[in-house]
Every structure is written in structure tokens, then in C-alpha cells.
Amino acid sequence: MGCPSLLPPSSPLSLPLHVFICSSCRSRRSLLGSHRQEFKGPLWSANSSWTSAAGRRTHRSDVHSQTQRPGFNTTPRLCISASPRCLLPQSCVFFTCSPAPLPIIKCISMQAACLSNVCVCICVSVLLRSVLSQLQRETDTYTECSDGYHWDPQTDHCRDVNECETIPDACKGEMKCFNHYGGYLCLPRSVSFIPASESPITPTLPFNPCPVGYESHGDSCVDVDECVRHEHDCQPSQECINTLGSFTCQCPRGYRKVGTECIDIDECRYRYCQHRCVNVPGSFSCQCEPGFQLAGNNRSCIDVNECEMGAPCSQRCYNTYGTFLCRCDQGYELSQDSFTCNDIDECSFSSYLCQFQCVNEPGKFSCMCPEGYQLQGTRSCQDINECETGEHQCTDTQTCVNIHGRYQCVDNDRCQEPYVQVSDNRCVCPIINPVCRDLPFSVVHRYMSITSERTVPSDIFQIQATSVSVGAYNTFRIRSGDDGGDFYIRQINNLSAMLVLARSVSGPREYTLDLEMVSVNPLLNYQGNHQSSSVLRLSIYVGQYAF
């Protein structure tokens, strides 16, 4: 049947309420939203003393005499609460009537109420009938009843007191009074209270001395694991967690409950990862950018030292934050793949690296010199003086003349008729020989070497008179050997002159120049021969190279 609402529409309580029959309430108050009202009397009166829901009669001759009956509490209370859980040894009763936790209590009479469109039952104990029948068999005389009952001498029984009629304003405020066995109940005025038939209801459930959620094992009550027995109503996406006397349904880790379903939590929205977050059902994983790896907390990213892990650098590796750099040794350059080092051909960059020849080598270059030269420093070539080092093949009758890149062996006696040798390099034409009158008096042999492509004009050899007669005037000229006009004489003074290279020449080449000094002495004019000359025969060797 339909159930009217317990609370008015303006009530702040929106969740369904549950009614508990509690063995021991923490307070004598109902927990009905903002409506709190004390219960003025127990719903049942039963304890270790010989009591029942119908009241207690005390023997006239022995008021303090009590007979213990196991399994009863003194004042069981009716608790109305929005909480769906009941602490042990309490038992939640709603939708249908179920046994209270104590073994003798059964639902034989009830009063129904509608709480927020949820039909719940307030069960009363079978102890009422059973004890009443026992009282009828008692032979002793009793005159007193427990609270909430009065003695009826006509029936010789304890009858319930209607506190709602006998107590003025039993429920104060907005509460409505409902009479109950041994007491009364204060509920909001909008509650619908339907007395049930008082006819006995024969229990159909098997006898269970333990609270709901427990089962008897010997003398103990053992918790029933509803999760193992599959006696739960958890959704397939939920996990069943067994609790003492009950169970709970919860979502697995990484899920949240939306209605009755478990929805995956997108942990990546909360920025748990330092770099990249990958959401997976029920969890997430962190990933790092290239060059990083996960730290021990699986969330932070730390730099990877690629150089220690075999980075593909062919030569030098430098670790940087999140990556690495390859560098090359001197003489190499990094290729386009940023890993490989290729040799630099320094010789192709410039023709001035070496004085003679540049030779490329792996990572470097070297300079070479032609035969007859040796490397001076790392780039320049210096002529080897074979005459000084003894690396020549001149005989004892020859003189070794060093020239650029080689040497020349010349005969010690180079005087030609009518000249006679007077020293190693000087020939004289005797004055007694008539032929000598028209020839230079002496011929002196000299040797020199110059490089190719020499800049011009260039002073290359200085002529110096060794002896001069008093009053003589000297002039200098090229007597022979300069057919191409590559040289000229520049007189410096009366005693010396300079041989000048007028044009750039290339070797190897050899010149033999007769440089003549003509002396004119007017003081000797009376003798009829006032002019004399001497020749310096200069052998010029032009080297093959410009060094």
C-alpha cells in the first residue's frame, strides 16, 4: 500500500530514513533530522529480571525477589536515524520485519510507519505473548507492574498505559504522540502511524541466536562473509568489502562512484607527472621526454647521462640537461648526423699553410719540403747547407758551393790562359805577357745563390774595391754575361757598387757575370797607361723555389 510521507516538504532531510531496533541506544533521543524528541518510556521492558513487554509484576511478599531470564536488555529503544548502519548488537529493520538480535525477540506485532516514502516496520517482541501466558500460569500474587503498565485487578494482569492520554502534552513542539507498549513514541506530525493486528504471527525464519550478519558456531557468533558467499548486491564494477555484521561496496582504486557505477578517475587532470601522463583504467603512468628517465617515485623525471650509457658520439660526448652533444677533436668537424666526426682537409682551405707542400693527415696536416730543404718550425722550408753538413760529394780539388736546394762542386783551379792562379779564387794576368795589356789585370771568382720569383728591383751583391791607387777614379760595369738585361750596376761611391736584379727570374738557372771595375788615374798618365781594370766573375745560381 502507499505510504504517506513522514516529513513535511520543507524538511531538510532528503535521504530515506531507517528505523533500528537497538539493544542499547547511545542516547534517549531519536535522530530524525532537526526533529529530536526524547522517548518517554521504553519500547520494551526486559532484563535479567523476570520481565516482559506486557509489564512486570512483582511478588507482594518479596518485592526484591527476581528470577533471571537470559537474553534481554533493560530498556531496548527505538532509534530513527538517517544512517544506514547499526552498531553491534543493534539490528536494522526496514522494508520488511526481521528478527531483533536477541534470540527470543520475534516480530509478532508491529506498527508501520512511512518515513520519506520508505515503508518501515517497528517490530515488537514475541516476549509479550510468551510472558503473558507465563504470567497466567503463575500461582503467586503480584500487584506491581513495570513502567508504562498498570495493574488490572479484573484480569489480574498488567495492562499498557496510554501515555498520550494520561500525560498532558506528552510530546512537546511539533511532535505527535503515538502510544506504544510500555511507553509512547514522539514523531513528526506528518507521520502516518498504522497499528498492526495484534494477532500472533508465527515466526517462519529459522532460529538464530546471533545478530543479523552473524551466524552461530558453537557458543560463539561468527561474522558472515557476504562477499565470499556472494550474498551482496555490489555492482560488477564494485568491490565487496566484508565488515563485521555486514559488507560495503566500494570502487576499486583509481575509480570513483557515480550513481551505482564505478567510473575511471582521470588522474592526469591532477598533474601528478612532471612530464607526460598516460591515463589507463584504474590507474595512470608517467612518461618522460627523451633524455630523461623516471625517478624512484615514478612521477618525477631526472636527466639521463647519455655519455655514460653509450651515446653514439664518435669522439667526444658532453651531457646536457635532457640531451647530449657530440664534439670533435681538433682537425675534425661534425657531420650532418651530429654524431660522426670527419677529418678536415686543412690543405684545401688555403695554399699558404705550408711554404712548399701541405699534406693532410687524420685530424691534422703537415708540411713537406723539397729535396735539399728541411722543415723549419712546422711550415717553413730552410735550405740544407750540404757543404757544412758534409753531405756532398766534392773532391779535394773542388770547392763545395752551397746553393738553394742543392750544392755545386767547382774546381779549385779555374784560371784560364794567360791567367795564372795566385790564390784559391784569384787569377792574375802577368804584365810581362803582351797579351795581358788588353785584358783585365785580375779575375776573382765568387759564387752566390738567389731564390726564384724574387721581388725586383732587388740588391743582390755588393762590389767592393780592395785597393785603390792615390788619385784613381773607379767605375763599375757589367762586362759580360747579362745578355737578357736581367741585372744592372748601381755605383755607390768610388770604391763600391751594387749589383741589382732588375727582373724577376725563375730557376733553376745559372748566370756567370763578369763585373768589371775600371780605374783611371790621371797622375799616371805620363807613363802612357793611366787605365787599369779588374774583374769579379760572379756565378749566380737561381734556385727552383721561392725559398
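Cβ coordinates come from backbone N, Cα and C, glycine included.
What you see is a predicted model, and the numbers here were worked out from it, not measured in a lab.
Away from its own ends, the domain 'EGF-like' (223-263) comes close to residues 85, 88, 211-215, 281-284 of its chain (Cβ-Cβ under 8 Å, at least six residues beyond either end). The domain 'EGF-like' annotation in TrEMBL covers 223-263 (among others).
Feature annotation from TrEMBL assigns domain 'EGF-like' to 264-302 (among others). Secondary structure counts, DSSP: the domain 'EGF-like' (264-302) has 4 helix, 16 strand, 19 coil.
Summarising the annotation, TrEMBL assigns domain 'EGF-like' to 303-338 (among others). Per DSSP, the secondary structure of the domain 'EGF-like' (303-338) breaks down as 4 helix, 14 strand, 18 coil.
The Cβ of C317 (disulfide bond) lies under 8 Å from the Cβ of E306, C307, A311, F324, L325, C326, R327, each of which sits 6+ residues away along the same chain. Here TrEMBL flags C307-C317 as disulfide bond.
For 343-382 (among others), the entry in TrEMBL reads domain 'EGF-like'. Beyond the domain 'EGF-like' (343-382), the same-chain residues lying 6 or more positions past its ends with a Cβ under 8 Å from any Cβ of the stretch are 329-333, 404-406, 544-545, 547.
Long-range contacts of the domain 'EGF-like' (303-338) within the same chain: residues 289-293, 344, 346, 362-365, each at least 6 residues beyond the stretch ends and with a Cβ under 8 Å from a Cβ of the stretch. Around the Cβ of C307 (disulfide bond), the number of neighbouring Cβ atoms within 10 Å comes to 16.
Mapped onto DSSP classes, the domain 'EGF-like' (223-263) shows 0 helix, 18 strand, 23 coil. Across all of the domain 'EGF-like' (303-338), the predicted model scores a mean pLDDT of 95.
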